[in-house]
Amino acid sequence: MPSASWEDLAADKRARLEKSIPDEWKFKSVPIEGSVIDLPEKSGILSPSEIKITNSSATELVAQLANGTLKSVDVTLAFCKRAALAHQLVNCAHDFFPELALAQARELDRYFETHKKPVGPLHGLPISLKDQLRVKGTETCMAYISWLGKRDTSDSILTALLRKAGAVFLVKTSVPQTLMVCETVNNIIGRTSNPRNLNLSCGGSSGGEGAMIAMRGGAIGIGTDIGGSIRVPAAFNSLYGIRPSHGRLPYGGMTNSMEGQETIHSVVGPIAHSAQDVRLFLQSVLKEEPWKYDSKVIPLPWREAEENAAQAKIAEKSLNFAFYDFDGVVRPHPPITRGVEIVRSTLEKDGHTVAPWTPYKHAFAVDLANKIYAADGSTDVYKHINASGEPAIPNIKDLMNPNLPKADLNEVWDAQLQKWRYQCEYLDKWREWEERTGKELDAIIAPVAATAAVRHNQFRYYGYATVFNVLDYTSVVVPVTYADKAVDHRLADYQPVSDMDKAVYAEYDPEVYHGAPVAVQIIGRRLSEERTLAIAEYVGKLLGH
């Protein structure tokens, strides 16, 4: 019997996904352009109480679940319905399993009724997962058609720890083929769009998470980041997200492209509507002591002392920031430079020190990262692509090219040395800033990307995010504003510094980008999650979040 074509396998997956949504949760029709972010609330499918539940913060929900005000089954049902609506509007799910979620919720309610207490800090909280995390009994395809039809027989370590903490899993979200793209498109479900404008990208590779959380189809989402894949979707969807340093959270048991590539690590982290919810996630996971289950995790519990140190400087209005709005390689679009200026001026008016930062060898770092990502000649990703006969998506052709030569072992070792030397040199620059200003540098303010949420197929330059993957610095995304055609005009005297710079700037159209989310990243040193998140939360509060 002949094997099924890749088209048939993809069609079968889409049919199964469609069948997983009950008819009573379906729209009669959906728009193909414009904003859809408010449509779930206007659908008539969600009750007033379900709208209230899904609009609540994760922090609010766990408090009400812990004191018995809310039942897990009611919260889970509300988020299942909203996740189903989100997928119909922006195409953001790979696997949807409301029956498993509701069964898990009922078990949690029975536990609470018997023991009069929650099972853990995330008791009954619905969490959305990027399609890299394994959940026993569900399908993980990671956008490869050749992976379809296989059920997970166990949880990833992070999934297991979240389950132990009381989290409920309801959906796995879309990713781009290979993961190595800051947009989300694949041959299985097609393209995932931005809820605020269907003509714009949701980002990637955790783009399905960004879109799902923006639509409030999960209380918190989990993404991964090897070159901006948490931060870009958070920025493009006006959300908070953290790229923790390698070794802080468990990655064990998750799927990935280029497994065994250990020079630049992919890390896992949350995407949420507030810094408070990001903190809830981090504290809850670290409370489970993940270093006992994943040998790559550093035995480092949540450090309140670090958080308190940042809070003390906040109270004294003595924070010290560096900032830049141009990395010397690609000039950001006007909405992005305005976003950096809003943050700079807001902090300065509040009494803090904000001084310029000179980006150090960012072009070198980006080039090094690209060489590392393609060191195997793209053998790994094309093995999975070719196994089904599906074509490679056009978006990966520059980075993941099967015609690129493989690096030999000496070249890999040399790349690792170059990375380490660059990390040391960047630390030198950090100390030089402190010596020059006479102040401790608390964080750097920088763009996340050169553009606001970008038009489909137009994300070209990864450098603003990728450099901090090379450095392994902690980075938190803070939403700032939205592109405004009335003020974000093209620069009349703009002169490109490179072909890439010219191509990126040529993409800017004030009319097209009007209303697109704008964010910055707050960057701290390696393993500075507590301090950096506290500072990012404060920045958000100053901005009115």
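Cβ coordinates come from backbone N, Cα and C, glycine included.
Keep in mind the model is a prediction, meaning the values are calculated, not measured.
What Swiss-Prot says about this one:
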ACT_SITE  Lys130  active site, charge relay system
ACT_SITE  Ser205  active site, charge relay system
ACT_SITE  Ser229  active site, acyl-ester intermediate
Cβ packing number for Ser205 (active site, charge relay system), 10 Å threshold: 34
Among Lys130, Ser229, the most crowded of the active-site residues [Cβ within 10 Å]: Ser229
Assigned conformation of Ser229 (active site, acyl-ester intermediate) - DSSP reduced to three states: coil
Inter-residue C-alpha distance, Lys130 (active site, charge relay system) and Ser229 (active site, acyl-ester intermediate) (nearest angstrom): 11
Rounded to the nearest Å - Cα separation of the residue listed as 'active site, acyl-ester intermediate' and Ser205 (active site, charge relay system): 5
